[in-house]
Amino acid sequence: MLDTLLLILIALPFIAGFICLALKNHSARAVVVVLVSIVLMITSIVLLGYGDFEYTLGGQWNELITYLDFALLAYIAFQAFYHRKYHSLFAYSAVIFAIASIVMVYYFDFVMAHGIEVEPTFFADQLSIIMVLIISIVGSLIAIFGIPYMKEHEHHIHLEITRQPRFFLYLVLFLGAMNGLVLANNIVWLLFFWEITTLCSFMLIGHDKTEIATVNALRAISLNMLGGVGFTAGVMILFNNAHTLSLIDIINSKHAPALLILPLSLMVFAGLTKAAQVPFQSWLLGAMVAPTPVSALLHSSTMVKAGVYLIVRLAPAYAGTWLSTMVAILGGLTFVITSALAVGQSNGKKVLAYSTIANLGLIIACAGINTPLAYAGAIFLIIFHAVSKALLFLCVGTIEHGIGSRDIEDMHGLVDKMPMTAVISVIGMVTMFLPPFGMLIGKWTAMEAAAIMPIVLLLMVLGSAITIVFWVRWAGILMSTSSKPVKRVIENIAFLTKTPLVALAALAIILNIIIFQVYNLMISPLAKVYYTKAADTFTQVGNGTLVNTVGSFTLWPIFATVIVVILFSIYAVGKAKNSVVTAPYMCGETADNDEDRPRFRAIADGWVDYAHSNYYLNKVFGEEVLTNGSNIIAIIAILVMFIVSYMGL
C-alpha cells in the first residue's frame, strides 16, 4: 500500500502535468486537473492514517535521479540564457550558478559519493505528513481555482493562442515535486526536487511572457539558484565531515556539532533564499506579476514553504549552537521589517506578499529558538498560515477580476458589490491576527518560547503589533458600506472558483475548532521525539486550555467574547442605518446640493471633489525608506552566521 501512496503523491502529478500539456481541449484538461486534485487530497488523508514510515528504492533509481538532475540543471541554464535579453545580470548569474551546480553535482556523485546507498529513500514523521496535507489539499484547491481563473485571465490579456496546457503542466508538477521534497530522506533526492521547484517557479512567474514577467522570473531563478549552490556545497561538506546523506542521521546525529555547523549553515542559507527572507525578498515580491493561482501556490503551500520546511526540519541538528541563535535573529528581523513594509502598501497583493515573508520569518525565528514550545509554535504557524494565505490570495484574484483593480482603496464598499468574496476575505484576515484563531496561538507560543532570547522576543512583539495595522485597515475597507439603503447583489462566480474559496474558509474555521486535537495528534508527538530532554512544551491540552510549566491559556472565553462582539456589531450596524447623515466638514464652503458628491470651494473659487483614503505612512514605512538599510543589516547578519559556523561555535 505504501508504494501506491508514494506513487500517487509524487509520480501522479508529474504524469498528470504532461497529460495537461498534451491536451488542447479545455474541458478535458479541467477534468484531469480536478480528478488529480481530488485523488491527491484523498491520498494525503490516507497517509495521515497510515502514520510514520520508511521506504527504500533500489540503486537504479539513484542513478536515474543523478542523470535527471544533470538534465534539469542544464535546462535551467538554457532557459536563463535564452531569456538573457530581458535582464542580462539575472540571466547570466543564473547560468553561472547552474553550471557551478552541474560541476559540483558531477564531482560529488562520481568522485566523492559514487555508489553510496542511502536507506531509507523516503520517510515520514508528523512534520512530513503535515506538509503533505498542506501541499495536497491547499495546493489542489488552488489548482482547481486556476481552471476558470486562467480562462478569464487569458480573456483579459487578449491572448489568441492559449498557454494553459503549459501553465497546468508546471502547476500540477509543482505539487508532486513538493511532496517528493518533504518526504525525501536521501538528501540528493531532496536537492533534486528542490531544483524542480525552482524551475517550476521560473516558468509560472514568467507565464504571461511580458517583459516585466520575464524579468521577475529571471530574478527568482537567479536568487534561488544561488541558494541551490549553497545547498549543494552544504551537502558536499556534510558528506565529507559526517559521511552521511540521510536526513534521519543528521537530525539524530551523534557527531560533534563542529562537524555539522558549517554545512548546516549553508543549507539554512538555501532555505532563507527559498523562503524569500530579507535580503532575498525581491524575488517573491516580483512574483506578484504572475497569475493569482501562482501567487497563491508560491506563498501558501509550495515554494516558500520548502524553505521553512528545510530550516525547521534541520533545527534539532543545530540546537544549542550560535547558528541557532543567528537563525532566530534573522527570522525576527525579517518578521518586523516586512511587517512594517506591509503597512506602507496599498497594493493588495503586495500587502499579502510582505505578510507572507513576515510570517515565514516568524516560523524561522521559532526554528532558531529551538525549544519544543518554539517548535510547536513553528508548526502551528505553518499549518494556519498556509490555509489563510491561500484563501486571501484567491480572494484578491477574484476581487481583481471583479473590479479591475488590486488596490485596497478601490475596495471600499466591496461588501455591497461582491458580498460573498468580501465576507470570505474578512474571514481570512481575521484568522491571521485575531484570537482565538491558530495564527495568534502560534504567535503567542512563539513569544513565550522567545523569553529565553529577549532580542528575538522584542522583534516578535514589534512585528505582531505592526501586523494589526494593515489587517484591520483592509478588513474595515472591505466591510464599509453606504449610509443609504443598498440593494445587495448576488455574485456571479463560477462553481470552480466558489468551491475552493468556500472550502478554504471552512477549513480555516474547522482547523481552529479542532486546534487541540491537531496539537495532541500531530504537533506534540513531534516535539517530544526531537526534544526528549526539554520540558517547556504543553504539559496538558484539552477542555479549551493550553497548559505548560509557565502558565495556561484558556480559549473558550475568547471564543465567547468574539461571538458577543459579532452579535453586537450586527446590532450596531442595523441601528446606525437610522442615523442622521451629514456631509464631511472640509474647512471651506461646502456644496450642499449633492449629497452623493460632497464638494467644497477651494482656491480661485473652484469646486473640489471630496476624496478620502487611508494613511500609509510612506515616509516611515515606505520601501524606499526601509528596504536598502534592512538588506544591509540582513547581509551582515548572514555573514556573521557563516563566520560563527566556520568557527564551529
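First residue shown is number 1, and so on along the chain.
A Cβ is built for glycine as well, from the same backbone N, Cα and C atoms used for every other residue.
These come from TrEMBL:
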DOMAIN    114-156  domain 'NADH-Ubiquinone oxidoreductase (complex I) chain 5 N-terminal'
DOMAIN    184-467  domain 'NADH:quinone oxidoreductase/Mrp antiporter transmembrane'
TRANSMEM  6-23  transmembrane segment
TRANSMEM  64-82  transmembrane segment
TRANSMEM  89-108  transmembrane segment
TRANSMEM  128-147  transmembrane segment
TRANSMEM  167-183  transmembrane segment
TRANSMEM  259-276  transmembrane segment
TRANSMEM  322-344  transmembrane segment
TRANSMEM  351-370  transmembrane segment
TRANSMEM  376-399  transmembrane segment
TRANSMEM  420-439  transmembrane segment
TRANSMEM  493-519  transmembrane segment
TRANSMEM  553-573  transmembrane segment
**Item:** Candidate ranges 89-108, 322-344, 351-370, 420-439 - greatest C-beta contact count to the transmembrane segment (376-399) (under 8 angstroms)
**Value:** 420-439
**Prompt:** Against which stretches of its own chain does the transmembrane segment (89-108) lie, if we need a Cβ under 8 Å and a gap of at least six residues from its ends?
**Reply:** 66, 69-70, 73-74, 76-77, 80-81, 83, 195, 215, 218-219, 221-222, 225-226, 228-229, 232-233, 235-236, 239
**Asked** In the same chain, who gets a Cβ under 8 Å from the transmembrane segment (351-370) while lying at least 6 residues past its ends?
**Response** 271-272, 275-278, 281, 284-285, 287-288, 295, 299-300, 304, 307-308, 311-312, 315-316, 318-320, 324-336, 338-339, 341-342, 345, 377-378, 381-382, 385, 389, 392-393, 396, 408, 432, 439, 442-443, 446, 449-450, 452-453, 456, 459-460, 463, 467, 470, 474
**the domain 'NADH-Ubiquinone oxidoreductase (complex I) chain 5 N-terminal' (114-156) - residue tally per DSSP class, helix then strand then coil** = 31 helix, 3 strand, 9 coil
**Asked** When you scan the chain for residues with a C-beta under 8 Å from the transmembrane segment (420-439), skipping those not six or more beyond its ends, what do you find?
**Response** 355, 359, 380-381, 383-385, 387-389, 391-392, 395-396, 398-399, 402, 411, 414, 467-468, 471-472, 474-475, 478-479, 491, 493, 498, 501-502, 504-505, 508-509, 511-512, 515, 555, 558-559, 562
**Message:** For the domain 'NADH-Ubiquinone oxidoreductase (complex I) chain 5 N-terminal' (114-156), what's the mean pLDDT in this predicted model?
**Reply:** 92
